[in-house]
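Visitor: What TrEMBL records for Cys264 is active site, nucleophile. For Asp30, Lys35, Thr85, Thr121, Glu152, Lys267, Arg334, the entry in TrEMBL reads NAD(+) binding site. Look at TrEMBL and you will find Phe149, Leu150, Arg151, Glu152, Lys208, Phe253, Leu254, Asn255, Ala256, Gly257, Gly261, Lys327 tagged as substrate binding site. Feature annotation from TrEMBL assigns domain 'UDP-glucose/GDP-mannose dehydrogenase C-terminal' to 320-421.
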Amino acid sequence: MKLSVIGCGYLGAVHAASMAELGHEVVGIDVDPAKISALSAGKAPFFEPGLDEILQSALASGRLSFSNDLADAKGAKVHFVAVGTPQRKGENAADMTYVNSAIDGLIPHLSAGDLVVGKSTVPVGTAARLAQSIADAGTGAMLAWNPEFLREGFAVKDTIAPDRLVYGVPAGNEGPKAKALLDEVYATALSNETPLVVADYATAELVKVSANAFLATKISFINAMAEIAEVAGADVTALADAIGYDARIGRRFLNAGIGFGGGCLPKDIRAFAARAEELGRGESVAFLKEIDAINLRRRQRAVDMVIESLGGQVFQKKVAVLGLAFKPDSDDVRDSPALDVAVQLHGLGAKVVATDPEAIPNSIRLHPQLGFATDTMDALHSADIVVLVTEWKEFRELDPVEIGELVKDKVIIDGRNTLDPEKWRAAGWTYRGMGRP
Ligand code: UDX
């Protein structure tokens, strides 16, 4: 099948390469010439395990190409819109500029019977509005909404073999036509019995934001328990294990620490709250403001723990910060709690030396004032305190005995509760986790 993918950022680049890998003929289109030239050369403009490999194999097969020109979407039967919906500056609502301009730019190249498929995370009501613009332009094309649930670090796997598919299709006789086209796109996943939910536009849009709101709530719930554990002398990790054995609760996404970040959860819960207010139902999701507040308090708590551990004297102390990315296996520092902790400590006068296997270049761009070391051992050398803020495998596997020789003081704050406290204490370290005695 011939497909176009408008927007080759995180979502679009992965989607374009994965669809070509599945056998479709795909053109990926983006306004950024640097992105297009990198992708055309088989190199993703960000770090994502496995993506370069499928980009290269799909480019070599001739099924995948990239372009700066929306006119190259012409001739495709299905057009995916995968542009960003960032948080608007100084506001909580989503910025719809890129979605609107992608649709406006695509309309002149649509043919009757084509299907435009929205993948971006949008405020509920967007699909109905865009369907109206497409109809008003007299193109004879249809619109569907097909939210994406990929996780960074697992993006290729999540796209090729998703855990569910959701289609928001138009009412009336266009509905079955849109569904049939999407079924053809996702034939491989459907033949592997991937669950499918077919619904209206508004439901499909809401599925995405409510899934992210639920995940954010789960993380902030356990972080709230961590706050209580801290004053009660309890251990939130044992608590999470114990409640997680209840299948109705489940252990996943119950890791307390410095909280969630990234390009999705923080901005999506804020945009959801803003949209609910516009719809006159702000009170229904007012709890999301609390979820956000708990989340932001946890990074502050990590900073406070560093100050306390240094006896209140942070100025000129060397702090080794292990991690900058918002989570491991990613170079993404958007809304990263790890980077925020490093920035706050620097702001307090500490000599921060931060390290991360992939996220240093993106961090330098945003915060050149910080100290960076590409080698973990350099970051640790003569450190007064160590703060682990992104649980990369290489940090989890550090040997407390070996690195104990390097640092000035054997004090570690484990912002992700990822190390074994007994092992570190046995090696003479003062170990402090989040929500643990
Ligand atoms: C998320 C959703 O999982 C995905 O379905 C959606 O499509 C996009 O948003 P992603 O942003 O890639 O994906 O990251 P995710 O793995 O969900 O982690 C988000 C943040 O939560 C990270 O900062 C992570 O460190 C943090 N987290 C996650 C916790 O603090 N505790 C947990 O138990 C799990």
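All residue numbers here begin at 1 and follow the chain in the order shown.
Note that Cβ sites are derived from N, Cα and C of the backbone, with glycine treated the same way.
Note that the structure is predicted; figures quoted are calculated from it, not measured.
So where do these features actually land, and what's packed around them?
Guide: Of all Cβ atoms in the protein chains displayed, 26 besides its own lie within 10 Å of the Cβ of Cys264 (active site, nucleophile).
Glu152 (NAD(+) binding site) has a Cβ environment of 24 other Cβ atoms inside 10 Å.
Long-range Cβ neighbours of Leu254 (substrate binding site) (same chain, at least 6 residues apart, Cβ-Cβ under 8 Å): Lys218, Ile219, Phe221, Ile222, Ala240, Ile243, Gly244.
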Visitor: So the record assigns Asp30, Lys35, Thr85, Thr121, Glu152, Lys267, Arg334 to NAD(+). If I measure every Cα pair among those residues, what is the longest distance in angstrom, as a whole number?
Guide: 24
Visitor: Average the per-residue pLDDT over the domain 'UDP-glucose/GDP-mannose dehydrogenase C-terminal' (320-421) and send me the rounded value.
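Guide: Reported value for the domain 'UDP-glucose/GDP-mannose dehydrogenase C-terminal' (320-421) is a mean pLDDT of 98.
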Visitor: Would you work out the biggest C-alpha to C-alpha distance among Phe149, Leu150, Arg151, Glu152, Lys208, Phe253, Leu254, Asn255, Ala256, Gly257, Gly261, Lys327, the residues that bind substrate according to the record, and give it in angstrom as a whole number?
Guide: 25
Visitor: Can you list which of these recorded positions (Thr85, Arg151, Glu152, Lys208, Cys264) have a Cβ closer than 6 Å to ligand 1?
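Guide: Near ligand 1, sequence order: Arg151, Glu152, Cys264.
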